[in-house]
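First up is the structure itself, then whatever we jot down about it.
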Amino acid sequence: MVDALIAFVATLGALAATGLLVQRAYKDRLLYLIAWSFTQVGLTLALLCMAIGFMAGYNGLFFRVMELGAALIGPVWLALGMIELIARYVQVRFGAWLFTISYTVVAIVILLVDPLKGSLSKSLPKPSDTYDALPLLLIDGAHVVAVIALVGCTGVTAYLASKRDREAGELLIPVALVALAGVLVVSGTRGFLPAPLAVIALGGAAGLVWYGAMRTIPVYEDDEGYDEYGEEYADEPATGYEEQAYAGPSHAPSHAAPAEPVPAPTPPADPRRGELRFPDPAPAEELRFPDAPAIESPAPAAFDP
């Protein structure tokens, strides 16, 4: 009963994380979010089947869905999303998609049609006691590929971050969280952990995938960062280097009548036109030595006959 309660709580948490991630993947249309959405759906279905199996008992359907969702689809598509996020060559991403889709289709068919062995009860069944060799080989191959891809992507990201690669530095923590989620998924589906720990591992993996996916999305959207920047420096005095607003040319409405041209103003007529005018007399020449006494001319002598 305790195992069933833990499984139901983990199922509700995984369901909420799956809904949020699927909604974000549908909005942003990013391929790595779509791949991780498949992982979340697989983990949620596996936890739901585990909760029902702990209460009502396991059967072939619940066991197959649990193995398909958590042991096969979960780790493989988690590694695919990691490669899609990290790889910078389109050939690598295309090869990862081709391998993942083909491997998933073949493995699903075999895991669905392969007969089961042994009896199932309310306890968590182990894959090695229920499946034959071929399904176990496919599950082991999926786990090996997923672990190699997750460890390799984490190592490459850490190396690039040490070289001061800005993009790798921003993705280092989300990549590490998703890689830890992959470790929890593989640990919870191998059959080595007790039932409560296996449920907690799968539920924690679902939460880590959601949180890591949200950390890879930019924080500022719809120019919110620029608005906050403007509000932060709104109280500072003007420096004269602010960008001035551009006033566009105003267009007159099309229905308005064209304005009439205004004639140039006529200069006023000269009132003295037609009069006889003489030039003004030149000013009298001033004496060069105004202080010198005037020389008197001698009077003419009287004529004596």
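Every residue gets a Cβ built from N, Cα and C, even glycine.
Outside the transmembrane segment (6-23), and at least 6 residues removed from its termini, the chain residues within Cβ reach (under 8 Å) are 33, 36-37, 40-41, 43-44, 47-48, 50-51, 54, 196, 199-200, 202-203, 206-207, 209-210, 213. Among the features that TrEMBL reports, transmembrane segment is placed at 6-23 (among others).
The annotation transmembrane segment is assigned in TrEMBL to 30-56 (among others).
As annotated by TrEMBL, transmembrane segment applies to 68-87 (among others).
What TrEMBL records for 94-113 (among others) is transmembrane segment.
Per TrEMBL, the feature transmembrane segment maps to 133-159 (among others). Through the fold, the transmembrane segment (133-159) approaches residues 67, 71-72, 75-76, 78-80, 82-83, 85-86, 96, 99, 103, 106-107, 110-111, 114, 127, 168, 171-172, 175-176, 178-179, 182-183, 185-186, 189-190 of its own chain, all at least 6 residues removed from its boundaries and within a Cβ separation under 8 Å.
What TrEMBL lists as transmembrane segment is 171-189 (among others). Note on the transmembrane segment (171-189): residues 36, 39, 43, 46, 67, 70-71, 74-75, 78-79, 81-82, 85-86, 127, 139, 143, 146-147, 150-151, 153-154, 157-158, 161, 197-199, 201-202, 204-206, 208-209, 211-213, 215-216 of its chain, located 6 or more positions outside it, place their CB under 8 angstroms from a CB of the stretch.
Here TrEMBL flags 195-213 (among others) as transmembrane segment.
Taken from TrEMBL, the feature region 'Disordered' covers 239-305.
According to TrEMBL, the compositional bias 'Low complexity' annotation covers 245-259.
Residues or ranges marked as compositional bias 'Pro residues' in TrEMBL: 260-269.
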